[in-house]
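Worksheet for the structure shown next.
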Amino acid sequence: MIDLTQFYDIRFLIELGAFSLLAVIILGLSILTVYSRNIVHSGLYLLGSFAAVAALYISLNATFVGVAQVLVYIGAVGVLILFAIMLTRKTLMEEESHG
Amino acid sequence: MSGEMMAVDYYIPLIMFLIVGALVPIGALAAVKIISPQKSTLQKRSTYEGGLRPIREAIIQYNVQYYLFAIAFVIFDVEVLFLYPWIYVYASDAIPAVGGVSIAITGMLIFIVVLLIGLLYDIKKEALRWV
Amino acid sequence: MVLKNLKMTLKRSIGGVEVTRLYPEKIMDLPDAERGVHVLDIRKCIGCGACARICPNDCIKLVPYARGNPLKNKKQQYPQIDYGRCMFCGLCVDDCPANCLTMSKVFEIAGWERDDIVYGPEDIAVGQYNDQELAELAEEARKAEEEKKRKAAEAAKAKKAKAAKAKAAEEGEKGSGEKTAKKKAE
Amino acid sequence: MVLSAITEFAAQEPKIYGLVIGLVAAAILASIINVVAMLLVWLERKVMGDFQARYGPNRVGGRWGVLQLGADAVKLFTKEDVIPRGADKPVYVWAPIVAVATTMLVAGALPFGAVIIDGKEIPLVVANMDISAFYIEAALSIMAISAFMAGWSSNNKYSMLGAFRGIARMIAYEVPMGICVISVAVMAHSLNVVEIVQAQSVWFAIAQPLGFVIFAIALITDLGRMPFDQTEAEEEIIAGYNTEYSGIRFGLLYFQEYIVMLLGSILLVHLYLGGWNGPVIPVISFISPMIWFFMKLVIVLVALIWVRVSLPRFRIDQVTDLGWKILLPLSMVNLAWAVVVGLYFA
Amino acid sequence: MTTANDVLSALQSAFPGAVEEAKISPERQLWATIKPDKIVDVCKYLRDNHSFDHYSGAAGVDKIDEGLFEVTELLASHGAHQVVALLKVKTPRDDPSVKSLTGLYWNANWYEREIWEMLGINFEGHPELYPLLLCDELVGVWPWRKDFKGYPDYTTAERAIEMVTSDGYTEYSFPPTEAEIKAGTVPVDRPKYPTFREREEMEIEGESEMILHMGPQHAVVPGPFLLDILVDGERVKKAFLDVGYIHKGIEKIMENRTYTQGIPITDRLCYMAALTNNEAYCGAVERLLGIEAPERGQYIRMILEELSRIQSHLLGTGEFLTLIASAVYSPFLYMIIDREDVLSCIESVTGARINHSFVRFGGVRNDLPDGFKDMTLDTLKMIRQKTEEYKELFLSDSIYRKRMEGVGVLSPQEARRLGVSGPPLRASDTPYDMRREDPYLLYKDMDFEVITRKEGDSKARVEVRLDEILESCYIIEQCLDQIPSGPVMAEGVPKRIKPDPGEAYYRVEDHRGEMGFFVVSDGSDKPAKVKARGPVYAYFQALPPLLEGVYIADVVAIAGSMDACTSEVDR
């Protein structure tokens with residue numbers, strides 16, 4: 001049974017609010033990543049969604065995983081993606097952005 | 001209902017830091033919007049390149065050789081990540097010593113040596129040569 | 001290694017003195033040879049215009065100056081220097097036949113308008129006459145002028161007299177000398 | 001009284017307490033950091049003048065030129081906000097904001113000294129989590145992103161080269177820096193900065209001199225200061241990723257550099273120079289840790305300026321070579337050393 | 001030792017009839033008029049058989065009375081002998097055309113381009129006859145011609161017509177007015193050629209290549225010039241150089257001034273070398289007049305020129321340091337501080353710190369002041385000590401060495417081929433110094449060493465400069481010991497200089513290399529033609545080939561180690 005009293009617990013509300021906010025951010029940024037017309041914008045949205053995922057991990061009390069997410073996904077994989085974008089052909093980018 | 005400090009609670013103030021950190025520049029920009037003059041012309045907004053019209057775009061394709069740096073970075077960054085949890089266990093009794101030799105320490109030393117060998121191999125293959 | 005560099009800067013920082021001068025308060029010592037704003041010895045200047053002719057930038061112009069030496073020709077003119085164009089080469093100083101143009105150590109000649117840095121003789125002249133001297137000089141000049149006039153008048157008179165004499169002599173030759181003598185007596 | 005009430009509340013409602021205290025602390029710290037960073041700019045100009053036999057700022061605000069930065073700030077605020085026509089506007093606008101915001105993330109986890117109350121040392125830190133060193137390390141690695149955003153969005157060749165160099169430099173020094181943090185943590189048996197400070201009965205700079213040198217070099221590189229300021233080498237690429245920024249946007253990016261310099265120096269003091277540790281000064285024992293902390297911080301800052309005025313700049317390929325081929329193997333050697341020495345001392 | 005006579009007789013026997021007239025004046029300078037169709041053969045013969053491997057420049061003279069253009073090619077040798085050959089080629093004024101020497105001497109390129117754009121002489125066989133100093137609108141007015149009527153007025157902003165290019169940039173054009181076309185100040189039929197930008201764009205090949213402007217407003221450039229580098233990532237593939245942004249037309253200005261008025265204008269060629277420029281110009285006019293300064297005057301000139309060399313090298317080295325370090329780099333400021341003392345020494349004599357305008361025809365402006373000797377000796381002592389410190393710094397610091405060793409290497413052959421002179425040439429193991437090669441003043445009595453280095457890289461160039469500071473200190477000390485008393489100006493120099501018709505070439509060792517003045521007199525009180533052959537012009541020309549294949553950061557190190565001065569290039 002669902003204990004309805006916990007809905008009135010402010011801590012629960014904060015957690016719920018934080019989770020929904022993060023979920024919205026993650027989903028929104030992910031959608032933007034896919035639909036963005038500019039490949040660099042896509043990359044940056046992806047980084048933002050990584051950051052939100054890190055925040056989600058932390059809010060789930062998995063702090064080490066969250067910080068590791070920041071270090072590896074934003075610090076390393078994100079840089080890898082940005083680097084890769086800089087190494088792509090410009091015409092390719094234009095096709096992406098106009099297509 | 002008594003709230004014991006959970007690890008996550010330490011991170012909550014940081015959100016406020018992030019917000020304040022974003023508000024400082026936004027406030028400054030808003031203030032500038034109010035006080036500073038706004039007489040933008042096409043000339044004023046042109047790209048600076050030694051005072052001349054740039055030849056072609058700035059965004060070009062860089063040499064693919066540089067990608068090796070990024071890949072090497074990811075590899076080493078992830079491997080360094082493995083070292084962080086180890087800090088907490090290497091001197092504790094979580095991993096027992098066998099025959100007076102700490103497994104945690106020996107294992108990690110071996111790990112470092114393997115990393116080092118990998119790095120030397122990278123250097124020898126000239127993967128980390130700046131072109 | 002890089003330590004030598006660090007040592008050098010540290011040495012200069014600890015033992016060193018400030019070399020920069022706080023400019024308007026402290027001005028550096030300038031040598032006597034300094035080529036700054038011109039100085040014109042107004043008593044010596046003969047207004048020949050050699051400075052204006054030698055100037056490579058055409059910045060010297062000759063202008064009349066009321067406080068110049070009235071003893072000399074009234075039409076004498078004195079150099080006016082446009083420091084917006086001057087390049088302080090010193091050729092004018094070298095070329096001055098009367099050695100009346102020199103250069104001083106003054107170098108602060110900024111102004112708000114272009115005309116502010118055109119220095120006329122009143123700005124660069126030294127040995128200017130004060131009012132009394134000027135009056136005396138003017139008096140002298142007047143006297144000299146009068147003297148000149150007087151001399152001229154005298155000369156004219158003498159000439160006239162001479163001419164009259166000559167005429168009389170001529171007339172006397174013709175036998176009318178007595179008549180004129182009589183007229184004079186009357 | 002009040003203190004105990006607050007601690008009680010904190011124990012009961014840690015999340016609300018966190019939000020409230022976070023907001024207050026962030027606001028206070030943000031203003032303190034901004035003021036200190038401004039003083040730092042002034043200090044840098046003045047100390048640089050001293051090293052170079054000149055005065056530095058000496059007109060605005062009297063002989064010492066203390067109001068020079070106020071004058072500069074007024075100038076930056078009243079300058080027109082110009083966004084170049086070729087720029088990618090959203091990224092261009094967001095870059096300074098991201099830069100300052102991510103910097104503040106670091107500030108939240110750093111202890112700014114400590115005070116002694118009733119013989120008990122209370123570190124002045126907002127978020128004292130158990131892996132704060134790891135967290136700071138991770139937050140520092142985000143800095144390269146804002147530099148990339150600024151450089152890429154400007155659509156300027158100098159900016160582009162600056163952004164590219166910035167990333168290349170960051171990835172060369174991130175790993176040695178991380179390994180140095182691990183070496184320190186190995187000796188302290190903790191990743192918490194406060195505990196690392198408290199564990200330093202002997203300064204880690206003495207216990208691991210190699211690690212100290214590597215970390216200092218990596219830190220200077222991260223800060224982008226001489227001899228590692230290839231991203232802004234004005235003789236080559238004008239101002240790197242800052243080139244197209246002007247007015248207050250440039251001011252923010254410039255200012256952020258000084259904030260990072262301040263925070264980086266604090267990190268160096270904490271990790272290697274014993275933080276606020278020092279003999280208790282009898283009369284003013286309340287703030288004696290603060291005094292030690294500030295003394296060390298000022299020395300580190302002056303040393304950074306000293307290095308800046310004294311050394312020529314490396315070439316970018318030499319920088320990456322130094323990072324990958326020298327510092328990275330050496331940092332691994334240092335880690336092994338830390339393990340062995342740490343065990344021996346433990 | 002080869003003398004000018006030997007060269008002349010060899011020429012006459014090898015090419016009978018090719019030498020129309022010839023004279024040797026003064027000793028070591030061979031003036032010869034060569035038949036236009038033989039000039040390339042003669043030069044090839046001289047280069048191959050008499051080691052005239054140094055193409056020193058070319059000067060174009062408009063002889064409007066004779067209906068001729070005269071191009072004088074200046075040839076010399078890198079140390080094999082001391083003869084300077086000045087070969088004149090005449091060409092009719094209505095259809096001027098001369099054979100190009102670019103096939104023989106690589107560095108003839110710029111000199112011939114300059115003569116083409118200024119005089120309109122066509123150089124047959126020149127690979128890229130594009131304007132160098134003039135802007136595109138002015139090509140075709142031929143400003144060095146004596147019947148040149150003046151520039152069209154391109155200065156007023158109202159006349160500019162705005163044009164928006166396809167990529168959204170504004171450009172301006174200045175169409176001539178009817179009145180100007182009538183007055184003849186506008187070129188009517190302009191030569192056709194691809195513009196600088198079009199020539200650059202042709203070179204871009206791959207997707208990863210881009211052209212980066214370094215200049216005209218850039219921290220690397222000592223004055224406005226355009227250095228464009230075609231880069232692939234961080235590597236420079238090709239470099240392009242465009243100069244002329246501050247072209248002042250000093251040579252034309254001097255044609256409209258009297259000889260004396262020309263002296264202060266030579267200061268403005270390059271402020272770092274004002275005294276040596278004075279010396280070169282006054283020396284040339286003294287040769288025309290046939291006078292010589294008294295001994296004391298010559299000593300004073302030497303002392304001041306060596307002091308000036310010290311200050312120039314200090315500033316040059318300091319500027320180089322800021323380029324490989326940053327603008328806040330301290331040793332640069334220390335060098336500036338040291339230089340101030342040297343400038344004070346010079347100022348106490350000349351009265352100016354930068355633009356001295358001190359040398360006169362037949363002597364100097366004034367004598368040394370009291371206490372000059374002590375002051376200078378003190379300063380020199382300080383400079384010596386400081387220079388030793390800087391040298392030690394360069395040798396010991398690992399970052400310097402990483403940045404400079406093996407960067408921008410010029411082999412001796414390459415350096416001679418590119419025509420550089422001064423410290424860059426001497427750093428490439430070629431002891432070529434005018435003070436030894438073509439002694440002027442009293443340098444033949446002085447004991448000094450020509451500093452050379454074997455490596456030919458940026459570091460060697462800086463080291464040569466620092467060593468030359470020490471050598472200059474030694475020369476000044478000798479001069480101060482030996483200086484006799486006496487007058488500083490020669491007797492009987494007329495106030496109004498009017499040399500007999502003729503021409504003279506006089507070259508001195510500038511701080512940066514070979515500085516020569518070629519002066520033609522037509523008997524009036526104004527020179528008919530003045531041509532300044534500056535050392536930096538040659539450095540600039542040699543820069544693009546040096547920059548191929550280096551890193552962007554090395555561009556700065558190489559350009560800085562050349563110690564360039566745009567003012568002199570543009571003149």
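The backbone N, Cα and C atoms fix where each Cβ goes, glycine too.
Per TrEMBL, transmembrane segment is recorded for D:16-43 (among others).
Annotation comment: TrEMBL describes D:91-112 (among others) as transmembrane segment. Residues 22, 25-26, 29-30, 33, 83-84, 123-129, 132, 135-136, 139-140, 142-143, 145-147, 149-150, 152-154, 193-194, 197, 244-245, 249, 252-253, 255-256, 259-260, 263, 266-267, 270, 275-276, 293 of the same chain lie 6 or more positions beyond the ends of the transmembrane segment (D:91-112) yet place their CB under 8 Å from a CB of it.
Among the features that TrEMBL reports, transmembrane segment is placed at D:132-150 (among others). Within the chain carrying the transmembrane segment (D:132-150), a Cβ under 8 angstroms from the stretch's Cβ atoms is held by residues 91-92, 94-96, 98-99, 102-103, 105-106, 109-110, 125, 159, 162-163, 166-167, 170-171, 174, 177-178, 181, 184-185, 191-194, 196, 222, 231, 241-242, 245, 253, 256, 260, 264, 267, 271, all 6 or more beyond its ends.
Here the transmembrane segment (D:171-190) has long-range neighbours at 130, 133-134, 137, 140-141, 144, 196, 199-200, 204, 207-208, 211, 214-215, 217-219, 221-222, 271-272, 319-320, 322-324, 327-328, 330-332, 334-335, 337-339, 341-342, 345-346, meaning same-chain residues at least 6 beyond its ends whose C-beta is under 8 angstroms from one of its own. The transmembrane segment feature in TrEMBL is assigned to D:171-190 (among others).
Here TrEMBL flags D:202-220 (among others) as transmembrane segment.
The transmembrane segment annotation in TrEMBL covers D:252-273 (among others).
Below 8 angstroms of C-beta separation, residues 40, 43-44, 47-48, 51, 112-117, 121, 220, 223, 225, 261-262, 265-266, 268-269, 273 of the same chain, each at least six residues beyond the ends of the transmembrane segment (D:279-306), sit close to that stretch. Among the features that TrEMBL reports, transmembrane segment is placed at D:279-306 (among others).
Taken from TrEMBL, the feature transmembrane segment applies to D:326-345 (among others).
Two recorded stretches are said to be in contact when at least 3 C-beta pairs lie under 8 angstroms, sequence spacing 6 or more; the transmembrane segment (D:252-273) and the transmembrane segment (D:16-43) meet this definition.
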